[in-house]
Amino acid sequence: MVMGLHLLFLVFILGLGLTPPTLAQNDLRYNRFLEEHYDPKTKNGNDRYCDKMMRLRNMISPCKAINTFIHGKKESIKAICGTENGVPYNGNKRKSKSAFQVTICKHRGGSPRPPCQYRATAGSRNVVVACENGLPVHLDESIFRP
């Protein structure tokens, strides 16, 4: 029994070593995308929301000039990378078929060092993302829907 567990553990460890690095890197880039741009708890952020979220997400050293938070379901955002909720756009990017509630946080200017202050613009927009292996890894832009 003990020998069987050791063998099973060895096979597991070897399997981890054989995991393609690109898959792990894609997960890392996708998780970074979520950290920078995903907030399902808010619908429309204001200036205080931007100040707080940019600080909580560690985007203030130096102050990031602009950042967009998407307020939607994670599955709907991932679906932009497929045909369910995305269409090809401007080369290798994907544009969402449906609009998302977003909050765009723009640095008010001044010093690039904290404390950073942001102005919020909230609304419904289509988003454009770059995808790798079916996952969004970069938010390129948001497009206002007339």
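Note that Cβ sites are derived from N, Cα and C of the backbone, with glycine treated the same way.
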Stated Swiss-Prot location of motif 'Nucleolar localization signal', expressed as one of 55-59, 130-134, 140-144: 55-59
In Swiss-Prot's disulfide listing, Cys50 is paired with one of Cys105, Cys116. Which one? Cys105
Counting only residues 6+ away from its ends, which parts of the chain sit with a Cβ under 8 Å from the motif 'Nucleolar localization signal' (55-59)? 35-36, 67, 114, 116
Candidate with the highest Cβ count within 10 Å, taken from the active-site residues His37, His138: His37
Just the number: how many Å between the Cα atoms of Val127 (tRNA binding site) and Cys50 (disulfide bond)? 19
For Cys116 (disulfide bond), what is the secondary structure by DSSP, using just helix, strand and coil? coil
